[in-house]
Every structure is written in structure tokens, then in C-alpha cells.
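Please read the structure below before turning to the comments.
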Amino acid sequence: MSEEKIKVSELAKEFPAVPNKDMLRALRELGASAKSMAGSLTTEEAARVREHFAEQKQADAERSGSHPNVIVRRRRKDADKADAPEVTEAAPAAREEVAPPAEEKPAAVEAPAQAEPVAEAPAASPHKVEEKAAPEAAKAEPAEKAKSSKARVVSAARVISRPGEEEEKKPEPVVESKPEPVAEISPVAAALAAREAAARAEEKSSEKGEEKGAKAARLARPDASAMPEGSSAPTLPQRAPEARTEAWKDADASAAADAAPRRAPRADGGQAPSAAPQVRIISRPAPGSQPDRSTRPAGGRPGAPGGPRGDSAGRPPRPGGPRPSGPGGPRPAGGPRPGGFGQQPAAPASPTDTRDGQSKKKRLKGRRTVDFQQGDFGGRRDDDDSQRLNRGKGRRKGGKPTSSQATQPLKAAKRKIRVTEAIRVADMAHQMGLKANEIIKVLFGLGVMATINQALDFDTATLVASEFGYEVEKAGFSEDDYLTPKEVDAPETLKPRPPVVTIMGHVDHGKTSLLDAIRKSNVTSGEAGGITQHIGAYHVKTKRGEIVFLDTPGHEAFTAMRARGAQVTDLVILVVAADDGVMEQTREAINHARAAGVPIMVAVNKMDKPSADPDRVLRELAELGLQAEEWGGDTIVAKVAAKTRMGLDDLLEMVALQSEIMELKANPDKAAKGHIVEAKLDKGRGPVATVLIQEGTLRQGDSFVCGPFSGRVRALMNDQGKKVKEAGPSLPVEVQGFEGVPEAGEEFFVVSDEKLARRIADSRAIKQRERELASESRVTLETFLSQRKSDQETLTLNLVLKSDVQGSLEAITEALLKQSTDKVRINVVHGGTGAITESDILLASASQAIIIGFNVRPTAKIKDVAEHENVDIRFYEIIYKLVDDIKSAMAGLLAPVQREVYLGQAEVRDTFSVPKIGLIAGSYVADGKIARNAGVRLLRDGVVVYTGKISSLKRFKDDAREVVKGNECGVGLENFNDVKIGDIIEAFETVEEAATL
């Protein structure tokens with residue numbers, strides 16, 4: 001052929017009505033080289049494709065003319081006489097086979113050899129073809145005319161499968177007796193055609209084998225073509241049975257009697273059984289389905305054109321003969337016929353998938369289609385059998401009925417749906433067994449624009465459910481179901497645990513110093529002003545066992561901290577200074593311990609001082625109800641001196657003895673539960689909380705819930721700053737992984753998974769928000785006027801508080817709010833933990849507030865923003881100084897006081913050790929200046945690490961009085977060597993000036 005090529009996509013434009021899928025299938029059948037729409041074809045291949053679709057188009061036109069109301073899924077052989085010329089053209093190639101196939105299908109003009117019984121005489125096949133192709137003509141004309149027309153059709157022999165195979169193989173008596181009921185076909189015409197076909201079938205009984213060969217060929221070629229030249233198997237799919245009409249059913253009834261005799265002869269012949277199944281196959285609509293039907297042996301198919309059939313002349317009863325005239329006109333192509341009902345196993349080679357795909361699309365359109373798999377063929381089975389087959393067919397083919405059946409039982413089974421506070425449309429549809437778009441339609445009717453992810457409240461869900469006959473149950477979420485233990489721990493699961501001892505007492509009475517002496521550490525020196533302002537938890541190993549100590553602040557502002565310490569402890573050690581006696585916070589600590597029901601031990605500290613008076617202390621304690629043992633009471637009293645370590649062993653001995661009496665036990669093999677001792681926001685690690693485990697074991701990776709926050713344990717660190725994998729009962733650990741900074745004192749629960757933790761946390765957040773909204777007083781005219789009147793008379797001092805830890809923030813807030821008077825009111829606009837940020841500056845500027853920083857410092861950039869916004873920032877490290885300043889400012893009594901003046905900042909870029917001097921910080925002055933006589937602070941991540949003085953300041957090797965911005969210098973700090981690269985050294989000086997507050 002010529003070298004010219006044409007693209008498949010260009011060729012497809014010549015056939016706009018042909019889908020790409022059909023075009024590619026035709027290319028495969030014709031053996032074209034192109035495999036996709038982007039491929040190219042030779043001119044010869046293109047001509048073959050055009051001829052193929054031209055024949056198909058003509059066949060479709062003829063079929064649609066005779067049955068306009070029927071939709072055919074595959075091309076079929078024309079039953080009209082007009083087809084005869086086409087058939088004759090194709091006949092030469094297929095004629096050798098044609099004769100046998102034609103005989104096989106006297107009534108069902110099925111070309112495939114499998115469906116056709118043995119038919120040696122070619123003339124017989126033409127008659128058979130005519131019978132199918134021209135059923136209308138048969139009705140109007142005598143049987144003779146019908147026969148002659150059949151002869152013409154036979155020559156067309158499109159249906160004929162492989163000609164070679166049919167001749168070689170002896171045709172079995174099996175004749176495709178496809179009694180395709182056509183409404184138009186009259187029983188008489190069908191009977192005449194069937195008789196003639198039967199006679200011919202007898203003559204061709206020897207060609208039974210050909211039928212089988214044709215069947216195989218048909219399986220191999222799923223598509224039914226208009227007998228392309230050189231095609232050995234009929235490619236036309238048979239669809240005759242699908243379009244049944246009432247007339248066809250009548251014909252079936254009349255054919256039943258004749259069919260029985262025909263079947264009997266077949267049984268004698270032995271070939272009949274195979275022929276019978278083939279006849280049934282005729283109904284097969286799709287090429288893929290054809291193989292399936294052929295496979296299934298339909299013993300009752302006796303209607304085949306086989307010799308034995310001829311005697312029965314029952315062909316007429318089966319309307320299959322005239323089939324062509326009916327909607328099954330195209331059906332005459334016997335190709336599909338070989339396939340039995342869907343019941344038969346489909347041949348692997350059959351292209352059922354393609355057929356099914358087409359039929360599904362057409363069915364979805366709700367249009368009338370020809371069902372080739374329908375079970376009752378005229379004269380083939382009795383009415384009951386056909387009805388049963390039809391029912392099965394409907395189930396297989398009807399996608400819509402099946403889906404409705406699947407939904408209905410679900411509706412009937414559940415008439416209630418469960419809804420919490422809200423439910424998504426998708427979840428509601430799932431519970432009701434409906435599609436989401438049905439619910440969305442109802443919502444649109446109610447004026448609600450919703451999507452499948454839209455959440456509906458309980459009332460809306462009730463309205464929607466009522467539209468579908470459902471009731472709504474409110475399924476409230478109760479966290480107690482998950483957090484409250486359902487079973488009491490068995491005695492054998494309980495194991496001894498260390499006691500938790502809280503040290504309480506008045507400020508500066510030596511609580512932390514006593515703990516330092518026990519731990520052999522030096523915590524006090526690192527505390528601002530030498531007082532404790534955080535609650536600390538420490539795990540100590542002593543000669544008498546392990547003890548966990550909680551060190552609480554003694555300042556009056558830390559009432560809430562002391563109360564928390566008493567709640568989570570087993571034993572309270574009340575520290576009283578021998579020289580001071582019982583003070584205000586001592587009494588408060590006693591009340592906290594009694595409220596928590598915790599036993600109290602007394603440690604009389606500072607016994608090494610000359611002014612110590614232990615008897616006075618015992619007398620004052622007795623007045624409060626704490627009678628010492630030596631005075632005849634039951635309160636254990638130990639006399640100690642923290643600095644000289646006097647009496648510490650006796651104190652620990654008493655603690656161990658008391659814990660043994662209490663028999664402290666816990667179950668370590670359960671989900672952990674504990675309390676938040678302290679919480680803060682760390683710049684590098686995020687929200688961090690110190691948790692005291694009370695029962696169970698906390699492990700890395702556990703999901704937990706704490707207040708309105710949930711999280712997952714990312715890391716655990718003990719009181720010494722070392723990472724640990726797990727923590728058991730009575731052990732304090734620092735936990736990373738919170739979503740936010742929890743409130744100190746909150747309960748900490750480990751739950752099964754992160755999803756549950758988040759659900760509980762969200763539920764708590766919603767309830768907390770509802771409580772806040774409910775607590776807001778309703779605004780009335782009276783309350784508004786009274787508020788305005790009071791506002792005019794009262795001055796308000798707005799403050800923004802930033803602290804290093806949550807507990808300190810809480811204490812400062814309470815202490816400041818207590819200072820409010822009728823004339824001056826304190827209003828804390830915002831409080832948080834961590835370094836001062838730009839958003840804090842902007843908030844203070846908008847609310848005309850003063851920023852109070854407690855143990856936190858701003859960076860140089862933040863200072864610039866504050867100056868630009870004219871916001872005053874005050875920094876404090878000791879709470880009572882902060883409270884005193886606020887008091888003085890409120891009272892307007894602030895005479896000239898000392899005030900810090902910021903000098904500059906230097907960034908530590910390197911560190912090196914110098915003998916006899918210590919660690920020197922090689923620094924770069926980033927802002928202002930560093931003066932030799934100035935005070936300095938060492939900032940690490942915005943938090944104050946050290947406050948003191950400069951011991952040495954050098955530039956290169958020379959001492960310097962000051963170093964200005966942009967220069968490098970070496971800075972040595974007094975009594976401090978823990979300087980790290982990246983730290984900030986801030987210089988300041990103290991001056992006296994009038995208070996601006």
C-alpha cells in the first residue's frame with residue numbers, strides 16, 4: 001500500500017456518531033496497527049474501517065426502520081430482504097460455512113456455528129435466514145415466498161461463524177432455535193419457517209461439528225460486524241429476544257406444543273442437546289455475552305433447526321422465526337444466539353465487558369432497550385420457566401431496582417438516629433441510609449444552604465429527620481464515661497509508692513533552704529531576692545527510701561499555689577522560723593492543710609540562730625490546735641537548722657515513719673492520672689507543664705487531656721533536667737506536648753487515643769465558653785447608667801501582665817486585683833506567659849495600659865516598638881516589690897524612687913576561660929552601650945537567667961570603661977560562669993526619678 005497515513009482521530013471525525021470506544025474495538029477486530037486514537041492507519045486500513053462502519057450504519061438504519069422504538073446495543077444482521085444483497089456479497093467468503101449455519105437456525109438466523117446445528121445443505125440455511133430476516137414478509141406471503149426470501153438472506157450469511165470450521169465439523173443437530181418473540185410475527189408464519197428449517201437441519205445433521213467451530217469463532221470475535229470480508233465468524237451480536245412484545249408472548253404459547261415434539265427428535269439424535277443450548281444463545285445481545293450463552297447447555301433448546309426439529313415443525317410456534325420483523329429484526333444475526341441465558345458460564349474470550357458497559361449507559365437513560373438475555377423464547381420453555389428466567393435477568397441487568405432494594409431494608413431497620421450537639425449532613429445521611437443530596441434538598445426547602453460537611457444543630461436535624469419518618473435521639477457526650485475509672489483497683493495490683501511531701505510556711509522562714517539541705521543542692525541562690533515564687537517538685541533518695549518534695553511559695557500572693565500543693569500531697573511539713581514564730585502565711589498554710597485533710601509535721605528552722613526561741617513557736621502552734629508530742633499532743637515537731645544540717649536525719653526519719661503508717665500504694669499498670677504543679681510557655685519547647693503523677697504510668701507518646709487542652713507526650717524530663725521514657729506514681733516530670741499552657745492545678749488524664757482527647761478538650765472548651773457567656777451580666781438601662789456614674793468617679797489602671805510561668809501570673813493577678821479601691825481600680829487587660837511580644841505592645845497601646853514584666857525581658861526590637869507606641873514597660877523579679885510599686889502608684893505616694901535606665905545590649909558570640917578570672921563572654925554590642933559600672937542581666941530566650949554586676953570589661957587586651965554599639969568586647973560576670981553562645985547581656989543603671997505611675 002502507499003506510505004500515506006491517516007490519524008485515527010481524523011478518521012473518527014468522519015463518523016461523529018461512533019464513540020471512540022467502538023472505533024478502537026473495530027480497529028482491534030480488523031487487525032489494524034493503531035492501538036489508540038493518536039495512532040495512524042494506512043490508506044488500506046482506513047478503507048477497511050470505513051467499509052466496516054458503512055455496513056454497520058446500513059444495518060442499523062434497516063433495523064431502526066422496522067423497530068423505531070427499540071434501541072439496539074450491537075449491530076445485528078438485517079432481517080429485511082434488503083439485507084440480502086449485502087449478505088450475498090459477504091457470502092462468497094463465508095458461503096462454505098454458511099450453508100450449515102443457515103440450516104441450524106431455521107427460526108433464529110444465527111450465523112455462529114455453535115448455535116447452528118449441523119446443516120450440510122447451504123440452501124437450507126438461506127431459508128432459515130429468510131425466515132428471520134423477513135418475518136413480516138412471511139406473514140403477508142405464503143410459506144413458499146418466505147422460503148425464497150430466506151434463501152436470499154442465507155446468502156448474506158452474516159451470522160455464519162467460521163465457514164471452514166462448520167464444514168470441517170459435523171453440525172450437531174443442535175439448531176439455534178431462538179424463539180425470539182416478535183410482536184409483529186404471526187405464529188403461522190413462524191411455524192412454516194420453522195418446518196422448512198427443520199427439514200434442512202435434518203439433511204445437515206452431519207455438519208454438526210461445524211456449528212461448534214462457529215461457536216468458538218464467535219467467542220473469539222465479540223463484535224458483530226456486517227460480515228466483513230474474510231471474517232470467518234459472525235460478528236453480529238444477537239439481540240432478538242430482548243424486545244419482547246405481547247404478540248411474541250402469544251407466539252411462544254402457541255409454539256410450546258410444537259417445540260416439545262421437536263425436542264424429542266433431538267434427544268434421539270444425540271446432537272440435539274448441544275443444539276438446544278445454542279438456540280437459547282440467540283437471545284444474547286452483546287458479543288461478549290454470546291460466548292456465555294453458548295457455554296450453557298440448554299437442553300430445552302430443542303427448537304434448533306436440527307433435523308430432528310424438522311419433524312416437529314414446531315418452529316412456527318416459536319416466534320423466533322419471524323424474529324427479524326419484530327424489534328429483534330436486527331436479531332436475526334445468530335451470532336449472539338449461541339450464548340445461552342446469563343445462567344450459562346461465559347466463555348473467557350467473550351467481550352462481555354464492552355457490552356455491559358454499553359447496556360448500562362443506555363439503561364441509565366431509562367430508555368427502552370432490547371434485552372437479549374430474557375429467558376423465554378417461543379416454544380422453547382413453558383411460561384413458568386420463562387417467567388422465572390426473566391425475573392433472574394431483571395435482577396442481573398436492572399441496576400436501579402437493586403440499589404433501591406439495598407436501601408429499603410436499611411431504612412426499615414433503623415427508625416432513629418443519634419445526634420450529639422450537632423451532626424454533619426454526611427453522617428446523618430449515613431445513619432438514615434440515604435444519599436446526602438436527598439437531605440440537602442430538604443434543607444434547601446427549609447431555607448438552609450448546606451453541603452455534605454455542614455453541621456446541623458439538634459433542632460434542624462429533628463426537622464430534617466421528620467421529613468423521612470425518623471426520630472432523633474440526643475446522645476450527649478459525657479467525659480466521665482472515659483475518665484472515671486469503671487473498676488476499683490484490685491489489692492494485688494497496688495504497689496508501694498513514695499510519699500509526696502509539701503513544704504509550707506511563711507516567706508523567708510527557710511523552706512527552700514531546708515529542701516536544699518536535704519537535696520544537697522543550691523536552689524535558693526538562683527532565686528530572685530532569695531524567695532521562692534514558683535512551685536517546685538523534687539524527687540529525693542534518702543537512706544529511708546524515696547521522697548517527693550513540693551516546695552511552695554510562702555509569699556501571701558501565692559495562696560492558690562499553696563492550696564494546690566496541699567491538695568496533691570500526702571504530708572505537709574510546716575516550716576516555722578524559731579526567731580520569728582508563727583506568721584500570717586503560717587496560719588494560712590495550716591488552714592490549707594486542714595482543708596485538704598493532710599497530716600501536718602512541724603519543722604522549727606533556724607535553731608542555730610542566737611535569737612531562736614522554739615518554746616515560743618510551740619506555744620503559738622498550740623494556740624492554733626497543733627499540740628507538740630513533747631507537750632502531750634500528736635503533732636510531730638523536729639528542730640532543724642538548714643544551714644548547718646542539724647536535725648535533718650531526725651526529720652527524714654519521721655517522714656519515713658509517717659509514710660509507712662499511711663501505707664501509700666498505687667497501681668502503676670493503668671492509664672496515668674495526675675495534677676499540673678506548674679506550667680509555662682518555653683520559647684524553644686512550647687507549652688511545658690510539671691505534672692505530678694498520682695496513679696498509673698505516664699509514657700512518651702501517650703495521648704492526654706488537661707483542662708481545655710489536649711496533646712501527646714513528646715518528651716518527659718525529671719526534676720534534674722534529664723530525659724526519661726516513663727514516670728510512675730508520685731513522680732514529678734516535666735511534660736512537653738500541650739496545645740496550650742494549662743492552668744496550674746488542672747487534672748491530667750491519659751486517654752486511649754488522640755481523637756478522644758481532642759473530643760473531651762473541645763467539649764470542655766465549649767462548656768467553659770458557655771459559662772463565661774452566662775456569667776456576663778445583662779445590660780439594662782439602670783446598670784448602664786450606674787456604671788457610667790461609677791466610671792466617672794473611678795480611675796482605672798490598665799495593666800498587661802507577662803510572667804515566666806503560669807503560677808506566678810496567677811499570683812500576681814490576684815495580688816493586684818486585691819489592691820483595687822473605690823477611687824482606683826486595677827484592670828488586667830491581658831495576662832500571659834513567656835517573653836513580651838509585639839502584639840503585647842500593640843494591645844497595651846490600644847488600651848492605654850502599662851506592661852508589667854515579671855522575670856521576663858524584651859528584645860531590642862520590642863523596646864523600639866514600645867518607644868514608638870509610647871508604651872511604658874516595667875520589669876520586676878520579686879512580687880512584693882511589684883505590689884508595693886502598684887500600691888504607691890495608685891495612692892499617688894510615689895516619691896522619687898529608684899528606676900532602671902536601659903543602657904544597651906550585647907550578644908554573646910563566643911566564650912573562653914581565663915585562669916584566675918573565670919569564663920569570659922566574647923560579645924558584640926548590638927544596641928546602646930555596655931558600661932563597666934552598670935548592672936547587667938543575662939537573658940536566655942527572653943528569660944532572665946542572671947542579674948548582677950560586671951566583673952571585667954575589656955576591649956582587646958585593654959580595660960574599657962564602656963563599649964559602644966558596633967564594637968566587640970569581653971565581658972566577665974560576677975560569680976556566674978554559665979554563659980552560652982547566643983545569650984544576651986543587657987546593661988542598665990539605676991537612677992532616682994519621680995514615679996510616673
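Even glycines carry a Cβ here, placed using N, Cα and C.
Feature annotation from Swiss-Prot assigns region 'Disordered' to 36-415. According to Swiss-Prot, the feature compositional bias 'Low complexity' maps to 108-126, 151-162, 182-196. Swiss-Prot lists 300-309 with the feature compositional bias 'Gly residues'. The compositional bias 'Pro residues' annotation in Swiss-Prot covers 316-335. Taken from Swiss-Prot, the feature compositional bias 'Basic residues' covers 390-399. Residues or ranges marked as region 'G1' by Swiss-Prot on the basis of similarity to another entry: 505-512. Taken from Swiss-Prot, the feature region 'G2' covers 530-534. Residues annotated as region 'G3' in Swiss-Prot: 551-554. Among the features that Swiss-Prot reports, region 'G4' is placed at 605-608, with the record citing similarity to another entry.
If you look at the region 'G4' (605-608), the same-chain residues 6 or more away from its ends with a CB under 8 A from one of its CBs are 509-510, 513-514, 575-579, 614, 639-644, 646-647. For the region 'G3' (551-554), the predicted model reports an average pLDDT of 62.
Secondary structure of the region 'G1' (505-512), assigned with DSSP and counted as helix (H, G, I), strand (E, B) and coil, comes to 2 helix, 1 strand, 5 coil. Helix, strand and coil counts from DSSP across the region 'G4' (605-608) read 0 helix, 1 strand, 3 coil.
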